[in-house]
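All remarks here apply to the structure that follows.
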């Protein structure tokens, strides 16, 4: 079992299971870039190992429809034609994704119902109902000669789920109690730092009900577009309090459409109004469901907060609920959105009020319950940064699994299970592939280093035209971008130009004509001067033209 | 009373009080740049209004020694020669700051003891002891003909402070109870979203004691260098458990030095060891105090986590305590540091354990107590983003201040107090001045826009040399930085070059020689081609040289 992503990081979850000459892929997600990946749109796993073993791959099994578990598939399926197995909603969401990449026709999607098993090549895979912040999530039990491997990422145990479908405790118990026993458990570490139980999704329904009861004018709610159960609860409240619903934001509209079509979301047609027609209804009869719960710069709620949404202007009396918590790294953006909404007069209800959002990931008590139900021989914490994996390992030890039977994995570790032990058996090529626009992997460290340099102090370009003998014909001319306001720094630029001119003159007089020497001369004289004057290090790019 | 910063934002706190022809300045802080201020080191208030009224300014009074209250002074004092009033530690820390800017000799620093009043021109200012995460913090009561203005930013009420000095409740009560009554209260809004009371600094001491009791090997503690009371508690624990202390990180070393010299920190000389001599002591006898509690890239703890600190290598058995909470925006950096420390085998104790850190700002109950003690006629929430000010206003209303007597200020608002009302009386020039290296205000929107563009997709420079008639002599040559890996994109660059060449040829044939037209031709042909091919928008910079 080898992770291509999702351990030691949040995102791009993907594992490869190998038995003999056969391979099974579990999930294939994307990761959203950290701040230091300037200009990068997405990060996907390095698929090299899988593609080199194409003929071995029997298929891909999916746990749920979040992008950090399915978003890498379009890039993988371009080069790997194998069937994909998942529950109905998971594949419904994947379809939309594949359509955008023109891959839908070529891909065999096989719906599996939770509670059922499926045969993928020689692998038998049980799809086991668990709860999560998206409907139709499953843990997987993959049967191997040494016993089943249970892959439970992501999950929570919701004792009062919206759709009435509690997790399949019985199946998990049955596996744990079987004679052979469970070989290994792979389990979600996201919330391992939280004590107790994660609250039920129903709690949010109660908060939503209170908000609807109190609000006199418009209600605007931002939440994750994939949280179908949350959306259903908002719809139910709207029905109860006699409000119509409008949707805004591309992913909100798409996901609602897919979920309604597949029967995961019940909304009477006459409850839905087009966002352009909102203004024809009284404010007390409207609820608006929108994207932007993370303060993403171009999402609908962010536009409303900024005042540049096409159809909706925030006004006094509006109640805005942000039904989400800020994903680490987004706190500032969410905060800015809240400030702007308040400034426009809205009443904003967000994370500081309890019951506005609940997590989709299991807390400590649920993680221990999973461990005690499944009773695995070996344990591999997944879905978390290193500290989460470390703490989940400590938690598993407390439930009685010995330290030797726990493995904290790094991306690319080939983890081998035998009857005697769990151990690393070498590495495979792995890592991050960066996607920028349509380019896949054409941006790497050097390009990013340059982008960082450019972003901090800009660039100075020095152009000089010389003749074949090395005499200067035109220039040196200095052009800058992202450096300083030229008008306020005329003196500096003039003095810098003179510096370069003088040092080139010296070269000319010493009959130095090698371009590399000239370029270094320009770079050094300018670098020193600029740093001494204003303590900055712009990128300096000498360009020599010879005529 | 006019804010030049600190309302609707966190940082650069500064207010100007005007009565008749006299001006008093309260604090003058810096703000640390948000992510979108690429390459910017610091942000200071726009001092224009103050400098235009230089002759009116009587002096500057300071509440405490944090940089968001004193960091702007070196820039202000360069152009404004007035005396500065503050407590001993506040001015001690300011001294270090002024020394770096070569301003110490020119500045008159006047120490005021808490509990005392001082006369600044015609203004009488009481310095009133409050608690905060830095010692020697005061609220100010500035007496005006309409009654005193109480300025309480930043503060908390610690009933069991480390130095035994509780806040001067009696003075606050006396002001609130006086016949004239308090005209206005300006009060800290940072923690207005927190219910109850902020925990006492003593709580951290208990946690520190537990950590020292349990640790068998080295202890490494990162905290804010200015939190002298925290450092004293760590010193006390070190003394109790027989450990020597080493310091690392520039601001840690400086602040400890100043605080010891001024008597705010008691450390026997023989308890201190140089960090280079740590290795000569047993691990069980060492505690290391370090900067880096925010995961700042070049701070000492971050270096240790990364493995490039000069003297300290993290090893198994080390106990690392991060005694701080992540300031919004730093969560990712702190998380990365924790992950790296765990990877190196350290036992890391951080925010998820209670008692590792307490805030220096008042929670709701303390804010209400301040309001009820001071009983102001008017209320202006300060020190917070808009949502904090908004909620603090709501809190004040609950204590009985009418909405009409509360003013939520924006930077630059001239707030006028009369017996009848509090109201805005126009705006003054105000805003953010950006500091990059030694440059003050020479970077603004256009430069930042260019830096952002450059950071996302890099730059393509097209150089072409033409003769006087417009015939192309050399080029077009394409140079890129931060765009793509050239080696993997040779085809793209070649095709792009050909594109530009063809479009220039067309110009040549049509006898078009205007540079602006040629440049636009280059820009357009390249832009379209690149976007069509890989959906990116690098900056395109055409350079034409004529010989």
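Just so it is clear, glycine is given a Cβ too, placed from its N, Cα and C backbone atoms.
Since the structure is predicted, the reported quantities are computational estimates derived from the model, not experimental observations.
Here TrEMBL flags B:11-208 as domain 'Metallo-beta-lactamase'.
Here TrEMBL flags B:39, B:41, B:436 as Ca(2+) binding site. Long-range Cβ contacts of residue B:39 (Ca(2+) binding site) within its own chain (separation 6+, distance under 8 Å): B:436, B:443, B:451.
TrEMBL lists B:64, B:66, B:68, B:69, B:132, B:154, B:383 with the feature Zn(2+) binding site. Counting only same-chain residues six or more apart in sequence, the Cβ atoms lying under 8 angstroms from the Cβ of residue B:132 (Zn(2+) binding site) belong to B:64, B:154, B:155, B:156, B:360, B:361. According to DSSP, residue B:132 (Zn(2+) binding site) sits in a coil region rather than a helix or strand.
What TrEMBL records for B:188 is active site, proton donor. For residue B:188 (active site, proton donor), other Cβ atoms within 10 Å of its Cβ number 30.
The substrate binding site feature in TrEMBL is assigned to B:225, B:226, B:227, B:357, B:358, B:359, B:360, B:361. Contacts of residue B:225 (substrate binding site) defined by a Cβ separation under 8 A and a same-chain sequence distance of 6+ are given as B:249, B:251, B:252, B:254, B:255, B:256, B:291, in order along the sequence.
Secondary structure at residue B:361 (substrate binding site), as computed by DSSP, is coil. All protein chains shown were included, and the count of other CB atoms within 10 Å of the CB of residue B:361 (substrate binding site) stands at 22. Look at TrEMBL and you will find B:361 tagged as active site, proton acceptor.
Residues from the set of binding-site residues B:39, B:64, B:68 situated with their C-beta under 8 Å of a chain A C-beta: B:39. Secondary structure at residue B:41 (Ca(2+) binding site), as computed by DSSP, is coil. Across the fold, the C-alpha of residue B:227 (substrate binding site) and the C-alpha of residue B:188 (active site, proton donor) stand 18 Å from each other. When the Cα of residue B:66 (Zn(2+) binding site) is compared against those of the recorded positions B:41, B:188, B:226, B:358, the shortest separation belongs to B:226. Secondary structure from DSSP puts residue B:227 (substrate binding site) in coil. If you measure from the Cα atom of residue B:357 (substrate binding site) to that of residue B:188 (active site, proton donor), you get 19 Å.
Neighbours of residue B:360 (substrate binding site), defined as other CB atoms within 10 A of its CB across all chains, total 26. Across B:225, B:226, B:227, B:357, B:358, B:359, B:360, B:361, which the record gives as binding substrate, the greatest C-alpha separation is 17 Å. Cα-Cα distance from residue B:358 (substrate binding site) to residue B:188 (active site, proton donor): 16 Å (rounded to the nearest whole number). For the domain 'Metallo-beta-lactamase' (B:11-208), the model's pLDDT averages out at 95. In this structure the C-alpha atoms belonging to residue B:226 (substrate binding site) and residue B:383 (Zn(2+) binding site) are separated by 19 Å.
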